[in-house]
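Chemist: Here's the feature list from Swiss-Prot:
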ACT_SITE  ASP82  active site, proton acceptor
BINDING   SER22, ASN23, ASN24, ALA25, HIS26, LYS27, SER83, PHE165, GLY166, TYR167, ASP168, LYS188, HIS193, ARG194  substrate binding site
BINDING   ASP82  Mg(2+) binding site
Amino acid sequence: MRAVDFLRRATVCWYMRIYLASNNAHKHAEFSSLFPMHTILLPKDEGIDFFSPEDGSTFFANARQKADALYDVVHAPVLADDSGLCVDALDGDPGVHSARFGAQHGVHTDTARMQLLLERMHGRQDRACSFVCVAVLKLGSVPLCVGRGVCRGVLTTEMSGVEGFGYDPIFLLPHLGRTFAQLSIEEKNRVSHRALAALRLAQVLAMMQLPRALRYELKLLRGARRMTRGGVLRPGAPCAQRKGQTAQTARRHKFYARARRCARRIHRA
């Protein structure tokens, strides 16, 4: 199953408001589409001034550092990631320093960083590279949920495409014949390193929440059986949401609607 499909079907991941430990609007758009069952919030949109130094030696260290820094401020679920481009011929550089690559030479824009990297790779035959992403979800007292995604590709000789951000215009996917910057966000979310990391994260989160989901399904089944007691399908509570209805009542009606559907299946069997 493709990463984006699993994430959309992961119904056991209960709704959360999650703060993204970044002020990058492109990352926000990607994670929002990868976790459609949750609301992803940027700190700046909530009036929070957030900054993390990102001075770790690994992707995980940087991601955890960002998650811890924002959680200390919001005390709510926090999603953080650190990613970078690792070029085989450069011994994995720029790696964890991808966002600051060339800063010592006065390079501070994505375009300038890509140009510097292409100059470093001029004349080299081995242009294999990887996009790596490590994402962490901090929920408080429970252990961190961690997901890692790797996407293999080839470094181009020139920039192509206008979508995406960072090094996307020079990262070519051989099996598609296009760079990340030439893919729509829906296409990118099927193959990207960030999508794969989000998939691992969702799987871990689903396993953590499985006991709660099973309790809910058991309650649902008991309600359905009560409706079919004696071989007769009994009506449940009305499910249509009415004006002025409280959120709790709406949830109860939604539960009974699901229970009735389950009861019909039992009755037919």
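Cβ coordinates come from backbone N, Cα and C, glycine included.
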Chemist: Around SER22 (substrate binding site), how many other CB atoms lie within 10 A of its CB?
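Modeler: Result for SER22 (substrate binding site): 21 other Cβ atoms within 10 Å.
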Chemist: For a quick check of understanding: among the recorded positions ASP82, ASP168, which residue's Cβ has the most other Cβ atoms within 10 Å?
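Modeler: Compared across ASP82, ASP168, the most Cβ atoms within 10 Å surround ASP82.
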Chemist: Below 8 Å Cβ to Cβ and six or more residues apart, same chain only. Which residues does that give for SER83 (substrate binding site)?
Modeler: PHE59, SER98, PHE131, VAL132, CYS133, VAL134, HIS193, ARG194, ALA197
Chemist: To the nearest whole angstrom, what is the C-alpha distance linking HIS26 (substrate binding site) and ASP82 (active site, proton acceptor)?
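Modeler: Approximately 14 Å lies between the Cα of HIS26 (substrate binding site) and that of ASP82 (active site, proton acceptor).
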Chemist: Under 8 Å Cβ to Cβ from GLY166 (substrate binding site), same chain, six or more residues apart: give me those in sequence order, or none if nothing qualifies.
Modeler: HIS26, LEU85, SER98, ALA99, ASP110
Chemist: Pairwise over SER22, ASN23, ASN24, ALA25, HIS26, LYS27, SER83, PHE165, GLY166, TYR167, ASP168, LYS188, HIS193, ARG194, annotated as binding substrate, what's the top Cα to Cα distance to the nearest Å?
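Modeler: Binding-site diameter by Cα atoms for substrate: 21 Å.
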Chemist: Within 10 Å of the Cβ of HIS193 (substrate binding site), how many other Cβ atoms are there?
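Modeler: If we count other Cβ atoms within 10 Å of HIS193 (substrate binding site), we arrive at 26.
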Chemist: Taking DSSP as the reference, which of helix, strand or coil describes ASP82 (active site, proton acceptor)?
Modeler: strand
Chemist: About how far apart, in whole Å, are the alpha carbons (Cα) of ASP82 (active site, proton acceptor) and ASN24 (substrate binding site)?
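Modeler: So the alpha carbons of ASP82 (active site, proton acceptor) and ASN24 (substrate binding site) sit roughly 12 Å from each other.
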